[in-house]
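Heads up: the structure comes next, in structure tokens.
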Amino acid sequence: MTIPDPANIIHNDAGTASPHHIWADVGDSTSSSQHEATRSRSDDANGGASASMHAPQHVKANRAAQPTYDSSDLPSFGLSARLTRDSSSFGSKPSSSASDSRRPKFAPYEAENLWATSSTTSHPSKASQSTLSPNASVFKPSRSLQPNHFEPHAVANVHDFDDPLNSAYSSDTVSPRPDHAPLDHEQPQQPSALDPVAVSKVEEQRGDHSIPHQNGLVSAQAQTASDAVSTSKYTTEAADQEEDQDDFVYPGADSPSSGQAAVQDEQQAVTDSQTTKSLTKQESDPEASSTSLSAPAEAEHIVVGSAAEQSLTSSAPAETAVHIDYDTLAQLCSRGPLSDLQSFFHTAQESGLSMFSLSNDPNPGNGLVPLHFAAKDGKTDIVRWLITQAGAIVEMEDREGETALHKAAMAGKLSVASLLLSHGADANAQDADGWTALHNACSRGYLDLVRLLVDRGHAQIDVQGGRGAWTPLMNAASKGHLPVVRHLTAKYHADPFVRNAAGETAFDVAAATFEVYICEILERYEAERWNASKFTTSSPSRSGAIVPGRGPYEPLALHTTIPVILHENQRLDTRLQTLALNGGKPRWSSSSAARAHKPDRRSPSSMPPGPLAPSRTRHVPMRQDDVGLPTRSLPYKLRLRSRVGPAAARRRAAALAAQHTPNPQDCHDDDLASTPTPESVLQARRGTSSVNGASAQHADAESSHFWLCEWQLDTTHPLVDVEHGWQYAQSFDALDDKWSSQPPPPLERLLEGRGLSASVTRAITGGAGFANAQAEQEISSSSWVRRRRWIRVLRRRLDIEFGDDLEACEGATGAGAEHLVLSSESQSNGDGSHGLSTAAIMAAQEAAKSECSQLGPDADYVSRAKALAGPSAASGATPADAMGADRDELARRIARLVMANTELRAAFEDDDVERRSRAEELRKEYALQLGQLREAAGLDEDEDEDAADDDDDEFIYPNSYKDDGASVFTRLVNGETSGTLSRPSLSQRQSSAASMLRNSVAPSEAGTSLAAARSADLAANREFRVPTNEAPNKVVLRHGPTMREQNLQPQWQRDEEAKDCIGCGRHFTFFLRKHHCRRCGRIFCDACSSKRAQLRMAELVVDPSLPSMAASEVLAPTRVCNGCHAELQLPPQLQNMRGADAMMAASRSRGADEVSGRSILETQLEDGAFRSTLAPPSDVSSRASELTECPVCSTTLSALGGSEEQEAHVRNCLENGGGGSMQGGRYLVYKLPEDSPIVGKECSICMEDFVANSTIARLPCLCYFHRGCIDSWFKRGRECPVHARDW
């Protein structure tokens, strides 16, 4: 009967073929070449391909040189030939055990190996029944047991080789170690499976005396095969799961199953020896082949069981593997010395561990290798030995993905970083979060490491790392490392406009951490980059991207977080009076900083020049309260209130009056300008309405930013005192590098009271006793100033869309036209000496561009600059010949020189040294000619004169607010020149007109296009209306001021809304009180509202919370502001109606509007005279002006009878006190009723409110005071505290 092949029954070779396409020739005999054509079944399962075709050449040679028979003169089979992993074409992983055994990673056929070991009997032993055998780890094909595989004629192919995935871990292979004497922990050689004595002894040890019958072999095999299939699935899944969990074991790490693997390897050697001898004997006796098929299986089964039992006794000696003390290794690498570390490595090497495995073995606690420990602690000799001798990998990463270079850069180890770079470390390697070594060095401020990484390691400067996409410049700026920031910007030209994931630049992150001085450095660097990138063709890549050179540099448009800086200025006061009061020592004084006779006088609080300041060339007086947040309508401009001195205000008011007055004879002198007149009120009325409207608009405007902090001292500047923030110098005009953080020795002597003889002598003699230069030098040495910086940081609101991509590109016009195109209003109002012809400028630009285009595209920037300048600016020429030319010629030459200077800016990026030198010389020559031409045109003189006026007059003097602010001119000019309410200057008006058209006009190479500038001129002309395609208006509009809808009823201004006096601009304090004008309802100081006027009930404006206040205010003259008092002096038909009169006039105007279709409220200015179409106001209704109760006793007047009786009662109460008593005929004293209209009003003496049932004194002038206050007052005089009148 033919025995069925179990391989064909339960195994499908084609379906379960290895993905590596490598199969082992399990029955490969190399005895004869006559059976070479016969292939093993393993080759058939592989589609006829032999595994040897994939073998390396050295494996093929070894296989060809192997002997046909072994030492026992028996054929050698592939089952007994083991191929180590070192010889495999797949490579190998270093093992942690001395026996070099590892748990298999590829074992898809364990089940058939199990079937082969358990097929000898239907009643397997307990050892093979309880669980999988330790040796059943890899499938050994079952067809190795078939007769055709054991025929002596089976010939192996010379190209065959053992599969490393099977043979290396097969339980039927021998140990790869060469023949040698048994080691101490090895078991002695097991007896052969065919030795009956040995077999019987083994069976007796097992306790199993049943011998399987031969004829039951096939049935037992078939029965066991089905169980093996299901078991193989479980075993395969378990092996795959273990492979996922332990995919890679670092070299040198102890495996938990290392002892078991060593035992398995020894048992495999014993089992293979027994099986080989049994199979050899069976082949040598063909007649007994039919009766001894079960012999090998039995022998193998017996040996497996005995090996399992022997594992208990052999496991103890196998667990003597080398244990690595990782803590000691880390300490030796971190602290050394090198000799101890070398001894540690030699000891481990003698125990079976290689130096390569130990040097690259990570610490199980933190994942660091020895190279990481040595690098972060700066052990250069250990790092060098680990790399060159121990074989440490330079690019080995830890759990965070950091290399040794990351560790050295973070710790600042320069020598280690240099050594790593010399051995091939990558300076641009990123860790798991994207940080590079340059990020680490910049974050810690190691300038030497930054230079090393960039110069030698070629690290990328603008690389973005981390989850926030930060650049190295951002890391250095946010941590305040000034030297690194300077080096990255000055030498390596880092891009300051790169944004991180939050849309912030390096400037923003520095401002957010209050590194203000670094913000100043970055601001200057950004401005230089911005100006150097003008007129480029780059376009924004995405919304919100920064395009340098597009328009003016505006920090508020480019950044989200910006600091505002103010200077507190003081001067050393060495006057004789101060020395006498201060014990002979000088003192610092803020008021002395603004002395008029000092050439470097400075306001006590000023804003330095910059992009955010009103001026870019000089310090502007500015208090902390004067700085406001930008509004949503103007998000890129700070709201700043500029302070103007009284003298400058009067001069500017006179100049403004001269512009509006056609004849100079009608102008008033400066001394009369301080007194309000009806004419001044009429001239300023239009300006008052516009200023008030703008003030209300900005007061209610929503801010686009918010403050991150309050005002605080800045100590980030390297030249300031770290404790108090002061800087010391001998003049406020000293350069920044001339200031010192500590008082110099001469200043210290002065502060101690020494070296003041010159100051005292000068004070006594008036300066007449100084004749030599030494005395003058001594006097100058006593002049010292100091300042400190106050900062406040504002940040953009996140809930507002700004559209930076459009706003930043708003000013896309050239800088040349911005300096040249002047408002046509100044040309029309003046004599033509304050501006140049725009038409001439535009014509010159067109001609210059035409000449430049003829040079062709290959011309360099020097040639183009010469062509733009024209022949009039040839080398050696001077503009002296243009002094007598007309202004159009001057405008043309100036325009061409500006274009030439703009073209020469390309020299900043030119690498040609010679050409850059010629461009620099040419630029200096053109700048000289341009200055002379501008001087000839009279452009610089006006600007210098304005600057001189501002320097002389625009200062704040403490306790110097002596001007009563009565001048309407002064008040209105103050309002126009304060903050955002000021009328823009000439250049600002030009810029505003140009910015309205910039979005629709493409930028030109040399400046603003001709159409844009012409449109700006036309838009500035009041008489010009741009024609459109819409239908023409049927109604001809009048020429005159545009009327705006406004509330005709004056409103009572709340106290919390007023911080400064509207008249003089002084800040309200405890000593400077607030006063309401009863006619306009606005708040003024006492000096600006000292006038009294008798108002009608319809004109009164009272507090809405105290409606009964009108009854007391109408009886006597009440407080009005100086402007309302001046307006009341006008004829009735020219006065502005207030209160009820205005409401009734509005009602009449609406009725007239229905009839005539024209508003009766329209006004106009013709020939300089004001004419109003308002009708004379009618008398106030008696019902509205009647008193309902007595103001003294609060008696209802309607119950007293007619008007005569009411007037008599009020007169009697006023004269006799209405139940009160007149103290000595001077004032009336009475108890204040609860319903009195003056309850809640303020006593002018103690500033406390009147309370019901308190004792009140009323003077004959109807002024009310507390009884105790007026008694104390009259002890010092006999004048009313309000009216200063004797009683």
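Positions of Cβ are set from backbone N, Cα and C atoms, glycine also.
Between the stretches 977-1005, 1209-1237, Swiss-Prot puts its region 'Disordered' entry on 977-1005. Among the ranges 128-144, 604-620, 740-756, 910-926, the one that Swiss-Prot lists as motif 'PAM2' is 128-144. Looking at 505-545, 1243-1283, the range tied to zinc finger in Swiss-Prot is 1243-1283. In the three-state DSSP scheme, Cys1121 (Zn(2+) 2 binding site) is classed as coil. Its Cβ taken as reference, Cys1064 (Zn(2+) 1 binding site) is surrounded by 23 other Cβ atoms within 10 Å in the chains shown.
Here Cys1088 (Zn(2+) 1 binding site) is positioned 6 angstrom away from Cys1121 (Zn(2+) 2 binding site), judged by their C-alpha atoms. The repeat 'ANK 4' (468-497): residue composition by secondary structure is 16 helix, 1 strand, 13 coil, according to DSSP. Recorded residues Cys1080 (Zn(2+) 2 binding site) and Cys1088 (Zn(2+) 1 binding site) have their alpha carbons 13 Å apart, per Cα-Cα distance.
Per-residue confidence over the repeat 'ANK 4' (468-497) averages 92 (mean pLDDT, predicted model).
Calculated from their C-alpha atoms, the gap between Cys1061 (Zn(2+) 1 binding site) and Cys1077 (Zn(2+) 2 binding site) amounts to 12 Å. Separating the Cα atoms of Cys1064 (Zn(2+) 1 binding site) and Cys1077 (Zn(2+) 2 binding site) is a whole-number distance of 15 Å. Scoring each of the binding-site residues (Cys1061, Cys1080, Cys1085, Cys1121) by how many neighbouring Cβ atoms lie within 10 Å, the top position goes to Cys1121. Cys1077 (Zn(2+) 2 binding site) sits 10 Å from Cys1085 (Zn(2+) 1 binding site), counting Cα to Cα. Separation of the C-alpha atoms of Cys1085 (Zn(2+) 1 binding site) and Cys1124 (Zn(2+) 2 binding site): 14 Å, rounded to the nearest whole number. Same-chain residues at least 6 positions away in sequence with a Cβ under 8 Å from that of Cys1124 (Zn(2+) 2 binding site) are, in sequence order, Cys1077, Arg1079, Cys1080, Lys1091, Ala1093.
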